[in-house]
Structure formats: C-alpha cells, structure tokens
Amino acid sequence: MAAPDRDTITAIATPPGKGGVGIVRISGSNLGPVLDALLGRPPRPRYAEFRHFLDADGRAIDSGIALYFPAPRSFTGENVLELHGHGGPVVLDLLLRRTLQLGCRLARPGEFSERAYLNGKLDLAQAEAIADLIDSSTEESARSAQRSLQGEFSAHIHHLQECLVRLRTYVEAAIDFSDEDIDLLDDATLGHEITGLLDELDTIDTKAHQGALLREGLTTVIAGRPNVGKSSLLNALAGRDLAIVTEIPGTTRDLLRESLQVGGLPLHIVDTAGLRDSEDPIEREGIRRARDALANADCILLVCDARHTEAGDALPADLPETIPLIRIFNKIDLTGAPASLTVERETTVIHLSARTGEGVDLLRQEIIRRAGYKKGTEGVFSARRRHLDAIRRARAAVANARLYLHTKTAELLAEELRAAQKALGEITGEFTNEDLLNRIFSSFCLGK
C-alpha cells in the first residue's frame with residue numbers, strides 16, 4: 001500500500017451553489033502556519049469556535065465556525081481544519097484561494113477519504129460506502145450504505161478471513177507432517193468447517209446481491225412494436241405523465257430514461273422507439289439506440305397489443321438469453337379480459353392496461369421478484385459488483401478446496417484456501433492494486 005502524500009490538501013466540501021452554510025476542509029501533517037495565518041491563533045481542538053477567516057492583509061474574508069481535529073483523532077488521520085462559513089460561491093472561492101496561497105494543494109476527488117483509508121482510519125469497503133451513502137436514491141439504499149460505513153460488511157469479511165486462516169493453518173500442518181504417520185486431513189472437523197464456510201459465503205453473497213441492487217438499481221428496458229402502449233406503460237409505472245402518448249405510431253424516437261422506486265428498489269426505466277423497419281433516418285437512429293439499450297438491460301419488458309395476440313417477438317434475435325424477459329399484453333381495457341399473470345414456457349406473461357392501471361401492480365411485483373430483491377431484508381449492506389465478484393471467486397476456491405480435501409491433495413487444498421483469502425482481502429483493501437484505488441476514489445466528489 002502506498003504511503004499517503006505529506007502535503008496539505010484543501011477543497012470546498014459542500015455542493016456548488018448558494019446555501020446557508022459552506023465548508024472548506026483542509027488536511028495535512030503540518031497545519032500550524034495555516035492556522036496562524038487564517039485564524040490568528042489555533043482554535044481549541046474539537047471545540048466549535050466562532051472566528052474570522054483572514055486574508056493576507058488581516059481583513060476578514062468571512063466569519064463562522066472553525067473546527068480543528070489534531071492527528072490522529074480525525075477523519076483522515078492527519079490534522080484537519082474545517083471552516084464553516086456562509087454558503088455563497090464567491091466567498092467560498094475567496095476562502096479556498098486563501099488556503100492555496102498558504103501552500104495548500106487542491107484535493108483530488110475522494111482524496112480525503114483516500115487518506116483516511118491509507119492511514120488506517122477505515123477500510124476500502126467503508127470508504128466506498130461513503131460515496132454510496134452520498135449517492136443513495138432510496139431510504140433502503142441509504143440505510144444499507146450506513147451499515148457498510150459502520151463496518152458491518154467488513155466485519156463479515158474479517159470473520160470469513162479468520163476462518164480461512166484457521167483452516168490454512170491446519171492444512172499447512174498436514175503438509176508439514178506428511179512424512180509422519182499422521183493424516184490430519186482425515187479429521188472430519190476439517191470437512192465440516194469447509195462446508196460451514198461455504199454456507200456462510202452463500203449467505204453473505206445473498207446479502208451483497210441485495211446491497212448491490214439497492215446501490216445500482218435495475219435497468220429495465222421497455223420494448224415492442226410501435227403504438228402498443230410502451231410510453232403509456234412508462235407513465236403508469238412512474239405514476240405521472242413523463243412520455244408523450246399519441247395514437248400516431250413512431251412518436252417516441254429517442255430513448256427516454258426515468259429513475260423511480262418500485263417497492264424500495266431503484267428502477268432505471270428506458271422507454272424506446274418502436275421496433276420496426278423504417279425509412280425515416282431519425283426513427284432508424286432511435287431504433288438503433290433501442291437495440292443498444294436492450295443489449296445492456298437487466299430486464300426487458302416486451303409490450304404487445306392484447307387485441308393482436310400474434311403480435312409477438314419484435315426483439316433482436318441476437319439478444320443474450322440470460323436477460324430476464326417479461327411479456328406484457330397491454331390494452332386489456334379494449335378487450336374486456338381481466339388482469340392476469342401466468343408463466344408460459346418459463347416466460348412470465350402479464351395482461352394489463354397501462355391506461356387504467358389494472359394489472360400494473362402485478363408487473364411491479366414481478367419486476368421485484370425477477371430481480372431477486374427482498375424488501376426489508378435485515379442486515380443488508382451496500383455492495384458493489386466488484387464485491388460480488390470477489391465473494392463468488394472466494395466461494396469457488398473454497399468449493400475446489402473441498403474437492404481436494406476428498407482427494408487428500410493437501411498442497412492444492414492449501415492453495416485454494418489462500419486464493420479465497422486473497423479474494424476476500426480485495427474487498428477490504430488488504431490485497432488491492434493502485435489502479436483499482438485510483439478508480440474507486442476518483443469517482444468521489446470533491447471535499448470527500
């Protein structure tokens with residue numbers, strides 16, 4: 001792990017624009033000259049003191065609260081100064097420029113959190129949870145991010161790593177005593193522990209999957225032929241008029257994106273142009289974009305007109321078969337048929353009316369079910385795709401280890417356990433390369 005920079009960094013920690021309060025944050029190993037020049041004298045550590053923030057001539061740029069946190073008991077583990085002044089962009093810019101005059105460097109996005117990680121104040125999963133908490137779009141996603149920030153996810157990972165260390169110690173002993181008349185791999189306890197570890201990995205995978213859904217949401221693409229009610233369905237799911245609805249085929253020519261909640265699950269809906277052959281170059285471009293959106297969907301809603309049951313597949317033939325598809329027969333208000341949900345050849349079929357709303361709740365429930373989301377699941381923490389990948393690689397390695405235990409191949413068993421431990425270490429940052437760190441922290445906002 002690289003040592004943190006020793007220079008002093010500064011940034012505005014509040015969002016751009018006007019507000020009642022604006023904050024400038026400073027962190028570094030030597031803040032003495034900055035404290036003297038900006039405040040006249042250092043404030044008492046961990047006390048909120050009203051101060052004037054001074055320019056180079058000793059005149060007040062602004063007045064407000066100064067908070068000083070000496071190292072190591074601070075967010076970054078370094079000396080930290082926060083200046084809470086008025087939230088106008090001009091006064092904040094003047095204050096920021098003053099800190100730069102005093103030798104501070106403008107912080108990179110996420111650099112305060114990066115220093116906290118590098119100084120051991122939090123691990124990588126907790127650092128990522130800060131960004132997830134800021135970006136959360138639902139109450140459930142905010143609560144799951146807070147659990148990760150408090151260390152619940154990391155505690156699960158550390159427990160699994162401790163189990164792996166114990167197993168590795170036992171297996172290494174079996175290798176060391178391989179020339180003796182002792183077969184430690186015959187101990188049934190070892191097999192029980194590996195099986196128990198697999199069960200725990202399955203449990204944490206389930207929770208991490210829920211957390212990833214809350215963080216990232218589900219990209220759901222509405223597709224179908226022109227004039228089957230795709231835009232009406234978007235409006236019905238959103239509960240308000242978002243898309244223009246007319247009887248003229250081809251009204252939607254570009255992608256229309258909307259984010260909303262369905263039972264606490266963030267849903268990113270994409271309404272697309274009707275899929276058909278067209279001579280109109282603008283409509284053709286919209287259809288091309290629709291096909292691109294379909295290829296990247298987490299779930300597809302294929303809308304058909306309930307009056308024309310033969311109006312079947314309008315989907316590109318080259319779509320991945322792994323993308324879940326829900327077939328929707330819309331406009332049952334024109335046929336007199338009731339709303340219903342059935343499963344035909346492993347495909348969910350829903351009859352509904354986007355205009356009246358009849359059957360739309362069936363669709364909402366099916367989207368949640370197909371996503372594998374369980375509202376109100378206790379102990380769910382924020383997770384990312386890289387976390388899921390690491391957990392699943394660890395599980396695969398432990399499953400291989402169980403096979404090698406049965407064949408009593410101790411060296412390969414030990415190697416698989418080591419690989420599992422390394423995969424889990426990537427989550428908390430114990431085994432992480434510099435490129436990954438740069439990608440993670442560069443996605444943070446300035447001042448965090």
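Quick reminder: no glycine exception, Cβ is built from N, Cα and C everywhere.
Residues or ranges marked as (6S)-5-formyl-5,6,7,8-tetrahydrofolate binding site in Swiss-Prot: Arg25, Glu82, Lys121, Lys448. The domain 'TrmE-type G' annotation in Swiss-Prot covers 217-372. Annotated K(+) binding site per Swiss-Prot: Asn227, Thr246, Ile248, Thr251, in sequence order, evidence recorded as sequence analysis. Annotated GTP binding site per Swiss-Prot: 227-232, 246-252, 271-274, 353-355, in sequence order, evidence recorded as sequence analysis. Annotation source Swiss-Prot lists Mg(2+) binding site at Ser231, Thr252, citing sequence analysis.
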Around the Cβ of Lys230 (GTP binding site), the count of other Cβ atoms that are within 10 Å: 31
Number of Cβ atoms other than its own within 10 Å, given for Ala273 (GTP binding site): 27
Sparsest Cβ surroundings (other CB atoms within 10 Å) among the binding-site residues Asn227, Ser231: Asn227
Tertiary neighbours of Ala354 (GTP binding site) (same chain, Cβ under 8 Å, six or more apart): Gly229, Ser232, Leu233, Asn235, Ala236, Asn330, Lys331, Val360
Cβ neighbour count (within 10 Å, all chains shown) around Arg25 ((6S)-5-formyl-5,6,7,8-tetrahydrofolate binding site): 24
Length of the line joining the Cα atoms of Ala273 (GTP binding site) and Glu82 ((6S)-5-formyl-5,6,7,8-tetrahydrofolate binding site), in Å: 50
Cβ atoms near Glu82 ((6S)-5-formyl-5,6,7,8-tetrahydrofolate binding site) (within 10 Å, other residues, all chains): 19
Cβ neighbour count (within 10 Å, all chains shown) around Lys121 ((6S)-5-formyl-5,6,7,8-tetrahydrofolate binding site): 18
Local confidence of the domain 'TrmE-type G' (217-372) - pLDDT mean: 82
From binding-site residues Asn227, Lys230, Ser231, the one whose Cα lies nearest Glu82 ((6S)-5-formyl-5,6,7,8-tetrahydrofolate binding site): Ser231
